[in-house]
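Enquirer: Dropping the structure in here first, questions after.
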Amino acid sequence: MSEHSVTPEPAEDVVFEGRTGVAHPITRYHTPVLHHPCTPVTVFDDDLVQLVADMFASMAAADGVGLAANQIGVDARVFVVDCPDDDTETTGENVVAHVVNPVLHLPTGRKRRLDLDGEGCLSVPGEYAELARPDRAEVTGVDVHGDPVRIVGTGLLARCLQHEADHLEGVVYVDRLPAAQREEILAAAGLAAPAGDGA
């Protein structure tokens, strides 16, 4: 997920679990890996640790607040976030986390309140659209060691958790918009549908 315009810049070394991350190019909208559900992770090894390190480095280089594995071309159910929550916004601290095989939990009934706000995506650079999403979200899953992880977010973090969980299901935020608005945003981002593509 993008908070600002995307201008990839070299980031300072990002180290995760002793591994230095390598920033990868961000996968753009029409790339097939972004449009199908990602494969669950079943092997928890050094390659997974390196993937998460690379994801943090790629997100930092692109000035993002969240990134799914398929956004760097990897078909795996993993995402990372470095994002403020309503509770941390005033302190300037972000929630920094990774989740493997995440499951999204959203409020229902009277607890469900929608927040209409602007949303962007590193895979659709420089463009934003208003999108209604629940104002609270919870994600459960595991970390790179297979230990349980739970993240509860409000505000921007809630939006980010939903946005990244969508990516792992093969859904980019513009897919939730009316077709005409989606095509307008993609064209503005220089990502008009390839000739012969009905998408």
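Cβ atoms are placed via backbone N, Cα and C, with glycine included.
Those TrEMBL annotations? Automatic predictions, nothing curated.
Below, the features straight out of TrEMBL:
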- Glu164: active site (ACT_SITE)
- Cys121, His163, His167: Fe cation binding site (BINDING)
Enquirer: Round to a whole number and give the Cα-to-Cα distance in Å for the pair Glu164 (active site) and Cys121 (Fe cation binding site).
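Expert: About 10 Å separates the two Cα atoms.
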Enquirer: For His163 (Fe cation binding site), just count the other CB atoms lying within 10 A of its CB, please.
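Expert: 28, counting other Cβ atoms within 10 Å of His163 (Fe cation binding site).
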Enquirer: CB neighbours of His167 (Fe cation binding site) within 10 A?
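Expert: By my count, 26.
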Enquirer: Using other CB atoms within 10 angstroms as the count, which residue among the recorded positions Cys121, Glu164 scores least?
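Expert: So among Cys121, Glu164, the recorded positions given, the one with the fewest Cβ atoms within 10 Å is Glu164.
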Enquirer: On the three-state reduction of DSSP, what should I expect for Cys121 (Fe cation binding site)?
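Expert: DSSP assigns Cys121 (Fe cation binding site) to strand.
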Enquirer: Around the recorded Fe cation site, report the further residues of that chain (criterion: Cβ within 8 Å of the mean position of the Cβ atoms of Cys121, His163, His167; site residues excluded), sequence-ordered.
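Expert: Near the Fe cation site, beyond Cys121, His163, His167, sit Met1, Gly66, Ala68, Gln71, Leu122, Ser123, Glu164, Asp166, Val172, Tyr173.
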